[in-house]
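*Asks:* Okay, here's the structure, questions in a sec.
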Amino acid sequence: MATRDSLPGPDPSVRDRLRFARQSVGELVPTPGEGIVGYVFLLPAFVLFGVFLAFPIVYTFYLSFFRFNGVGNDTLLWIDTGFLTYRLTSIADLEFVGLANYAAMFSDSLFHQALFNTTFILVVQVPIMVALALLFAVALDASFVRLRGLFRTVLALPVSANLVAYSTVFLLMMQDAGLVNYLLTSVGLPAIPWLTSSFWSRMTIVGAVTWRWTGYNMIILLAGLQNIPQQLYEAAEIDGATRIQKFRYVTVPQLRPVLLFVFVTSTIGTFKLFSEPVIINGGGAPLDSTITIVQYIYQAAFIDFRLGYASALTYVLIAIVSVLSAIQLNVGGESDA
Amino acid sequence: MREETRREAVWQFLTYGFILLGAVTTLVPLYWIFVASTLKESEFLSSTDPRLIPGDSFLGNFGALRARENVQFVGHVGEMTQYVDLGPVYFAYDFWNLWNMGAIESSIFIAGVYTILSLLLCSMAGFAFAKYEFRFKQPIFYAILATLILPIQLLVIPLFLLVSQIGLTNSYWAIILPWLANPLGIFLMRQNMRSIPDALLESARMDGATEFQLYYKIALPTMKSSLAALSIILFLFQWNLFLFPLVILDQGKYTIPVAINQLVGAQRVYYDQIMVAATLSIIPIFILFLFLQKQFVSGILAGSVKE
Amino acid sequence: MSRITLDTVRKEFGSGGDKILAVEDVDLEIRDGEFLVLVGPSGCGKTTTLRCVAGLEDVTSGRITFGDRDVTGLRARERDVAMVFQNYALYPHMDVRRNLGFGLKLSTKLPAAEIDQQVEDVAEMLGIEELLGQKPKELSGGQQQRVALGRAIIRDPEAFLMDEPLSNLDAKLRSQMRTELQTLQHELDVTTVYVTHDQTEAMAMGDRIAVMNGGTLQQVGTAEEVYRDPVNEFVADFIGSPSINVFDATVDGARLDGPGEFSYHLSETDPVEGLRTVRVGIRPEDIQLVDNGIKLGVNVLEPMGNENFLYATLGEQEVTARIDPTNRPHPGESVSFAFDEAALYLFDPETGASLKTKRDGEVPTTPDSIPNREGVESTTGTGPDTGSNDDRMEETVE
């Protein structure tokens, strides 16, 4: 039985002394009240969230109504205490232009091109990738497949490749005289102008993105598959369903929420496309047929330094993504318990 | 019956064929990066005779990459400006100062520091959301949740202005700080920490633990696997950041993506060197991936947690 | 070790319009070294009361004192109490040794070697020495339970607080741990508050039992007191298994008319004075099957081995009786019963307060050993024809 104060045991060791010291320090720190502790834990993240996320979101919106003339230099606040002077400058030198930035988009053909390119890639790439990911997941989920873990790892491997590094490899493989065309011609097919035709250069991007993300989505779908109760398949089997029917009437409906998640995240991902077109097509070549929205925003902001216009573009993009996600969630979420 | 087994065999054959095709398509580009890095440029760019067997030019290509002046891909020992012999601590300090970091070290350093700090912040915030009651908890949480749908990398414009104003341009902190409070990380930690039984925390309270001890002696150790999974998500996020570092960092501080971009964008593109850089950039993540494969999968799955 | 006093303790959850009153003005004194069981149905506020004592919840108003020390405003870790949780709440990432030593390490300035020694001692006392190196998930339910106990014991607290600690064990282990816990508490002589929803456990373990319902304390007393002399219908109904049979009866002078053929002449009419109706309660063991009595329709007979449970209907009323195992009426049959007036409970139909409780003092409670022939005779009324009964009643009253 514990007796608190009598210490017949050995003398405290160094580690004990350290522990006692820590306890004493701990006792000095006042314990915050019940409603306060949560704030204390939240504070660091909240401050950073406010400064680097919430503020930029708001400020981007603000900026989208201005023309950017340069980094701020105007003094907002000047404190001179004699010893110390403190000067708070405005963040940027701005000129209010109202909705002009938004209006400018209507006549900006490059923006239209970027919007078209991104939509094209989205419409072609997302369905192909999700279908492939689903097929791989179903194939790997089949009961007779051996070495499942190995195949899963191999297929998911591209996610670990550095975005820029793998884009470079695609750039090289897709050259007119590159590996892919070599393989095509060696089996008697015509070589394809992967990087020089507008259509095929977009398809190159589609291929690269699909290569990188299919395995990632496959893992998510695989987990979803494993959550489908086995009894459903057994019941379908008893009802005489074929393999295809089981897939159509059991797998797909059961997987609906997971498929939805995959669709939404892939769509958002496609709208964020930047590294691949920049590296593979050197910033939109040929003839701006691969320039994406984010790439165009980057150009407007950091090459032309039209920050106000770029901010407006950003908000249009955010709006598009939000609306698309909402539509997908609504359509896909129907009939979902 | 015969017919049945024959069809089953065909089905299995097709399934395996499909999986193998996928595996090969996945591996060829990765393998080819490695092969190309060991060949002379003329050898792997030849369209009549592409080589698929490793050669022996890796060190030569690597040497050429290191010799480049505009991009410092791998670090090197700088000039010894001062040396104070005061034992191991100062030796480490001197070494740190002497070592000029290249893109690889920068990337590992930035991603590492980012991951550790972000884990700390996200787990603390997640703990607060999961286990404490306070005013405005729901609104704050939903505000953070809403930013999940935003492509947060898009906020480069105000971030750039902000960072310039604070005077952090061309500093690693400019890349680390903005995404420390990672909304996905906070959300995941909150979801997972909700599964910690209240009784466990109360039990520790009765045992005399302070609120902070609850966090680091009880909550964190029980969340080990979630933390491992999240650390992979965070590390990869930072590792792949391209746009913002491109805007913020100057030559000499480049991360891997920016450095490779410089190699590609140069006047004369040396593909052999690029291939060495690509190989080197894949190795760290590849090792991480092999070691943490299980957590990696659960990490990706954690990212798909439904509300 | 000390006395624990709750002085009009009140606990409300939520704020503004949707306030929930969990504990309403509880006054309770737990004596030094006493084993007090807080019992009640789920949601009755027993766990909240315990958590207020532990310091895990702030009280809305009222005072809690340990001995002479007012602990109302103190946090859990400043109160020097130990708690055993329903799911044991063992730290999953620590082995048993560290689980046991954690509290001492955090809250005392004992050197590590001394802590280790105490861990060994407690482990030996509970017979879990071999488990010291194992993690909680490698232990069985009973072993986890012991570790949880050990974690409380080692801190030598002023009080043990236990929140349904046995409810996760299987039936056999539960009764074994019940005895063990009692022995342990007796040896250590530490004031203990034990929360359970299981009245059997409460009866078996508690020095005294505190019955709660709807946030208020109903009654505090020994097992026998709350069983024999409940303050109201709720306590009478909650304590005892199977539950007491209670039904409405109309009062006509000394005559009570209930469902079916139930009719009974009270020899003592004071309790029902001025009432038009009354709630009548008879414990299952007080129902004696007789040849001539109130008719019951047999529904189900559950043989328990040492006794039989008879489920029957009295008019529309379900009635349970504990009868001799040799007595096996078949479903569909009709039997007659009688009871002893001393064993009768009467409750106020409005307030539920007890008007009369069990007074058959000397009589053991097993039905087959109630040889009170007088009582049997006086209650073998023959159905609706109660005229003769009336006369006899009057005799008895005189």
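The backbone N, Cα and C atoms fix where each Cβ goes, glycine too.
So TrEMBL says this about it:
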- B:12-34: transmembrane segment (TRANSMEM)
- B:104-292: domain 'ABC transmembrane type-1' (DOMAIN)
- B:108-129: transmembrane segment (TRANSMEM)
- B:141-166: transmembrane segment (TRANSMEM)
- B:172-189: transmembrane segment (TRANSMEM)
- B:227-249: transmembrane segment (TRANSMEM)
- B:269-292: transmembrane segment (TRANSMEM)
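What does the local environment look like for each feature on the list?
*Replies:* Panel annotation: around the transmembrane segment (B:269-292), residues 30, 33-34, 36-37, 39-41, 44-45, 57-58, 61-62, 64-65, 68, 73-74, 103-104, 107-108, 228, 232, 235-236, 239, 256, 259-260, 263 of the same chain, lying at least six beyond its termini, place a Cβ under 8 Å from a Cβ of the stretch.
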*Asks:* Would you confirm whether the transmembrane segment (B:172-189) and the transmembrane segment (B:108-129) meet the contact rule of 3 or more C-beta pairs below 8 angstroms, pairs 6 or more apart in sequence?
*Replies:* yes
*Asks:* Below 8 Å between Cβ atoms, which of the listed ranges B:12-34, B:108-129, B:141-166 makes the most pairs with the transmembrane segment (B:227-249)?
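*Replies:* The stretch with the most contacts is B:108-129.
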*Asks:* What residues elsewhere in the chain lie close to the transmembrane segment (B:108-129), defined as a C-beta under 8 angstroms and at least 6 residues from its ends?
*Replies:* 101, 137, 141, 172, 175-176, 179-182, 185-193, 215, 219-220, 223, 227, 230-231, 234-235, 238-239, 255, 284
